[in-house]
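I have placed the structure first, in the form of structure tokens, so that the comments after it can refer back to it.
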Amino acid sequence: MNLQSQSWSARRQLRVVRSFKPIIFVAVAALLSTAIFLFSTFDISPLTSQHAIVSSKGVCPQEDVLIPRANFELWTAIGEEIGTTAFKASAIHWLSGAVQIETETYDDMGPVGEEPRWENRLLFHEYLEKAFPLVHAVLEVEKINKYGLLYTWQGTNVSLKPSLLMAHFDVVPVNPDTHSEWAYPPYSGWFDGQLIWGRGSNDDKSGLIGTIGAIEVLLRYGFQPSRTFVAAFGFDEEGGGSRGAKELAATVLHRYGENSFALIIDEGGGFSEEFGTVFATPGIAEKGSVNIDLSVAAPGGHSSIPPEHTSIGILSALLVRLENNPFEVHIERETSSYQMFQCFAEYGATIPAALRDAIKQSASSDVALREVEAILFQDQWFKSLVGTTQAVDMIHGGVKSNALPEQAWAVVNHRIATTSSVNATVEHVVDLFLPLAKEFDLEFSTFGKTISTPETGPKGSLRLTTSFGLEPAPISPFRGDKSAPYQLLSGTIKATYNAHRDLTGDNIVVGPGMPTGNTDTKHYWPISEHIFRYKHHNGGSTNNPLSGAHTVNESFSADSLLETVQFFVTLILNIDESNEL
């Protein structure tokens with residue numbers, strides 16, 4: 001997914017801050033805990049905590065463990081098979097083979113049918129056909145825009161809303177300069193006895209293999225669903241999904257119509273142990289995003305006779321003003337991030353009393369809410385999660401050391417808070433730049449509209465454009481009359497977690513989460529209001545130094561892969577039995 005490379009040195013800091021002495025350490029611990037479970041990007045050995053959860057109907061209500069009933073014997077039999085050495089070997093082979101096919105997505109790839117770098121997707125298609133023969137014999141398989149895969153598992157009751165399972169099989173490129181830094185070659189799919197190594201092992205071929213592997217196993221046992229299940233696998237998610245998921249979603253929308261699906265699940269967060277309790281965080285929301293391109297033009301000439309400010313100097317002044325005036329950030333009670341902190345306060349077994357009390361009081365006190373902000377915003381991580389961010393990611397100007405640069409440009413990426421919008425983000429930038437445009441006598445235009453022209457004639461120009469803009473995603477209901485899909489997912493997470501560890505009772509808390517970036521679900525908003533970003537995998541502890549997705553040493557544990565398969569088996573059976581979706 002387009003977000004996942006995170007700084008996991010933060011985990012090591014947790015071992016220091018958990019003494020909870022100064023109040024800033026409380027803030028860092030709380031923040032880092034949130035960051036870890038919301039943005040988990042690598043997998044380790046199973047969590048061992050068995051802290052019993054006392055169910056509450058308060059600020060963080062919990063659903064009961066949900067085990068398939070009509071298909072209980074089937075579910076039990078499959079669970080036993082997943083626990084065998086033979087199945088583990090098969091699952092490892094599935095993911096290892098998938099990783100070995102290089103399906104890299106580059107930003108400069110041309111149209112499908114013209115760009116040869118897309119063609120390795122066909123090799124991946126062939127691999128899936130060989131690895132999962134029952135799926136390809138029983139389900140209807142369509143290739144959308146040549147490389148997108150759409151599987152339809154037709155149910156026996158067409159009156160029931162179908163459900164959509166998503167994943168993507170493209171990966172971010174591996175920088176050739178980093179090959180020597182990998183413990184094993186990045187496309188080896190090597191299994192070292194614990195981890196399957198390679199690009200895509202985490203993001204997101206493990207999710208795809210977990211999904212299609214679960215269907216293959218269910219077919220092997222002769223299961224026929226009552227409800228139709230659709231699986232959509234994109235091939236360019238790392239490039240925004242404009243050729244893959246966008247075309248897949250258009251096909252699904254045309255075929256089924258708006259709000260036609262009971263729920264959608266795609267890649268996303270996992271679970272981790274924090275404050276003595278295991279928390280799972282299915283994403284119910286996503287930030288928006290917009291790239292704003294700044295272009296400054298000024299007269300050229302010989303550098304021996306420079307103006308007071310060159311185009312690069314002007315651009316620099318604009319960027320300094322931007323970074324010195326970040327977006328104002330406040331915690332809003334209706335956001336998923338705040339709701340997750342309520343879950344920490346309610347269920348964190350070892351959360352410090354001071355932080356617990358502050359979070360609980362903030363539910364009804366604005367003063368307390370500002371106090372929570374004062375604690376948490378001392379760390380940039382949580383502040384970035386809550387508010388709109390801005391990052392200057394690209395800059396260019398000039399062609400020669402003795403020639404005045406006639407043009408200079410930069411790209412600023414914004415991740416838009418769920419309480420804001422693209423327009424509000426753009427307006428903020430325009431308001432910041434307008435005084436400088438006047439100061440430097442620049443003609444200032446935004447998105448084709450001139451908003452300022454110097455009276456004495458411009459000495460240059462400033463133009464703002466954008467090639468990409470996405471509003472924050474609709475928030476999936478997690479409380480109230482429309483929350484049945486979220487409740488089903490929560491119960492399924494608990495059932496899978498317990499079954500994989502032979503636990504009884506309630507041993508994991510489920511709370512609403514949110515990824516920092518966007519998945520392919522952004523193309524599917526019209527077909528369901530119940531969209532969840534969640535891949536049931538162990539999100540970590542402080543003792544794993546391995547990197548996650550989008551960087552060197554990407555890996556995925558065999559144990560997490562088995563649990564992912566079990567999760568999708570349980571989810572499919574629970575969805576099929578539900579009378580509330």
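Each residue, glycine too, has its Cβ placed from N, Cα and C.
If you look up TrEMBL, you'll see Asp170 marked as active site. Feature annotation from TrEMBL assigns active site, proton acceptor to Glu237. Taken from TrEMBL, the feature Zn(2+) 2 binding site applies to His168, Asp203, Asp266. Positions annotated as Zn(2+) 1 binding site by TrEMBL: Asp203, Glu238, His550. The annotation domain 'Peptidase M20 dimerisation' is assigned in TrEMBL to 284-436. Annotated transmembrane segment per TrEMBL: 20-42, in sequence order.
Calculated from their C-alpha atoms, the gap between His168 (Zn(2+) 2 binding site) and His550 (Zn(2+) 1 binding site) amounts to 14 Å. Fewest Cβ neighbours within 10 Å among the binding-site residues His168, His550: that distinction goes to His550. Asp203 (Zn(2+) 2 binding site) sits 8 Å from His550 (Zn(2+) 1 binding site), taking the CA atoms of both as reference points. This prediction places the mean pLDDT of the domain 'Peptidase M20 dimerisation' (284-436) at 94.
Of all Cβ atoms in the shown protein chains, 28 besides its own fall within 10 Å of the Cβ of Glu237 (active site, proton acceptor). Around Asp203 (Zn(2+) 2 binding site), a 10 Å sphere centred on its CB holds 28 further CB atoms from the protein chains shown. Neighbours of Glu238 (Zn(2+) 1 binding site), defined as other CB atoms within 10 A of its CB across all chains, total 26.
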